[in-house]
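Annotated features in TrEMBL:
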- 109-141: repeat 'WD' (REPEAT)
- 191-223: repeat 'WD' (REPEAT)
- 307-595: domain 'IFT80 second beta-propeller' (DOMAIN)
- 623-751: domain 'IFT80/172/WDR35 TPR' (DOMAIN)
Amino acid sequence: MRLKTSLLKEPKHILCHRKKHDLVSCVGWTTADELYSCSDDHQIMKWNPLTSDTTRLVKLPDDLYPTDLHWFPRSSGGKKQSHSESFVLTSSDGKFHLISKLGRVEKSVEAHCGAVLAGRWNYEGTALVTVGEDGQVKIWSKSGMLRSTLAQQGSPVYSVAWAPDSEKVLYTSGKQLIIKPLQPNAKVLQWKAHDGLILKTDWNSVNDLILSAGEDCKYKVWDSFGRLLFSSQLHECPVTCVAWAADGELFAVGSFNTLRLCDRSGWSYALEKPNTGSIFNISWSVDGTQLAGACGNGHVIFAHIVEQRWEWKNFEITLIKRRTMKVHNVMNDAEDSLEFRDRVIKASLGYGYLVVSTSLQCYVFSTKNWNTPLIFDLKEGTVSLILQAERHFLLVDGGGLYLYSYEGRLISSPKYPGMRTDILNAQTVSLSNDTLAVKDKADEKVIYIFEALSGKPLGDGKPLTHKTEIVEIALDQKGLTSERKIAFIDKNRDLYITSVKRFGKEQKIVKIGTMVQTLAWNDTSNILCGIQDTRFTVWYYPNTVYVDKDLLPKTLCEKDGSEFSRNPQIVRFVGNQITIRRADGSLVHLNVSPYPGILHDYVRASRWEDAVRLCRFVKDQTLWACLAAMAVANKDMATAEIAYAAIGEIDKVQYINSIKDLPSRESRMAHMLLFSGNTQEAETLLLQSGLIYQAIQVNIDLYNWDRALELAVKHKTHVDTVLAYRQKFLEDFGKKETNKRFLQYAEGVSV
């Protein structure tokens, strides 16, 4: 991936009477094809990068030197506007100005002593924050009325940014970064971020990460707790600006004659050395395909992203121009070229299909035939995320979530209360053939789960709720809907798994890993991989936790993961190949054993004899452990007995044999539930089948004395048996009866 830059021969911002190039201080996009720029020549210019047209919009007063410009957010109060209607312009005379799209100054407000150095609207457009040379941070209403002075300090504040929820403000203070909540008396977070003055900062609403750039010639990436995730090498000159792309996957860095494109984890995709002077301000277009920079020598630099690459199995697809893709099949070296009417915004390749969204349309190509794509029009335009499953794909744009079949038919459009689609990414949305899961931003402990075909909430309609905030979610891709599982990582980096189907009964959320950085499900079988601490781990059959918890460690495959360095990310897990991106941007490919995948296929098709044959051929304890758990889950006790014997679990073999000898089907089922640790369900099944004595005996065997007595009294049977067992139990341990209920019944019953 790299940037293709363009500069005009002569700068447009020029002072007529001095014939001098004036620095451009700020730029901002209205739509994806229209940019406004302001300069020290007091002019506001309008640019169209496609046609290279520039028009002078308005000449500002001669004493007004602009410092920052920010367009009013496009989605405000739930209404989605196709373009912004007004912007705030801050200037060196201590004022900020609200200016309409046509260049009319609607209002000027005295804000600071000395220059106003930056101004930013919050994401809802309900408040404006300004910072100045006087060291003050002020919050204003939409109409320009002062609401509060958030902070005062002795040094100028050069840059400011809103938190994703608009509840906190991040600003600079010399070498420090400060996050201050709007609520009074709330805890302020402050840390030393650079060795020199911090010139620029930005906070992304999707990934919740913070960028900072300083005079120490470095740029850094932080999380919202102030922990350093990445620090760049020393540049030749101070880093003058940084800016996130809207979707949080990329950011741009500007310095003297330098423009850099970086990945969200910090490493650099591309470095350009244009003749610009210092770049003071970078603004990304709404769709994230291009950016503009305000240059010190009077130029405005434009750059759009090319050479993005998508890979799947034997196909490699590259975006070579804005509207052209090249397809390369590495098996036979065949190449195809795909032309589009408008510029490409997002694309996704997987499951045999390439889905491409342009600014107005969506194209669906089959990898078997590149010549005849299916094309349909988009409602909203700027698609921010494409997710694929085997049978359908999901488009996320500013208006909502839309699920389409690969034939281009709209299947459903799920909705949930307080939905904000602009902040969803691949970590917070997951799709499988029958289910869609979305992590909510308003309450980070909640996951909304929808039925894919109807778009309605699954089960009893209640979302899945966890005890701490959730960071990343992923649905498994194969198997029956009733057995669909969701894996998620919470804020403490613990990995949990739970079932998606919830009807009344509370499904257990089980922890299966700790210190997990990243996770991915396999595309063809329900195998989960993740990186825990310094170990790369594959859970060959995560469902084991619901069948036989003690067996889970035996179904894992662990490798040393120290080669992946800090903060690696799993890109994909296709077939038996896993692709991991290291912190420096390099890709590492790992292969895992193909046998667990084959075993999953056999079990799905109920080919138990073939499964046993495979395990005998491979002679691997991990595979036998997986088969044992799969057999118990599918109630195939003959196979379970063979598999448990192979891994030396003799006690379980004996228990399975005792289950086989039970007379009735119901009691066999109940004891199989007991085997998996589901005591409540086993008891319910026995009671429903009228096997009261067995239900009581189960509780006695588990030393649930109170419950055993309760059942005996309720059904007026075997009270004496329960008391006899209790008496023997106490005698064995030389204890006296202290339980009041047992004493009460012992008086009335002779044992």
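Glycine is no exception: its Cβ is also placed from the backbone N, Cα and C atoms.
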Other parts of the chain folded back onto the repeat 'WD' (109-141), taken as Cβ under 8 Å at six or more residues beyond its ends: 67-68, 70-73, 75-77, 88-98, 147-162, 164, 166, 169, 171, 173, 180, 182, 205
Secondary structure composition of the domain 'IFT80/172/WDR35 TPR' (623-751) [DSSP: H/G/I, E/B, coil]: 96 helix, 0 strand, 33 coil
For the repeat 'WD' (109-141), mean pLDDT (0 to 100): 94
Helix, strand and coil residues within the repeat 'WD' (109-141) as assigned by DSSP: 0 helix, 20 strand, 13 coil
DSSP helix/strand/coil residue counts for the repeat 'WD' (191-223): 0 helix, 17 strand, 16 coil
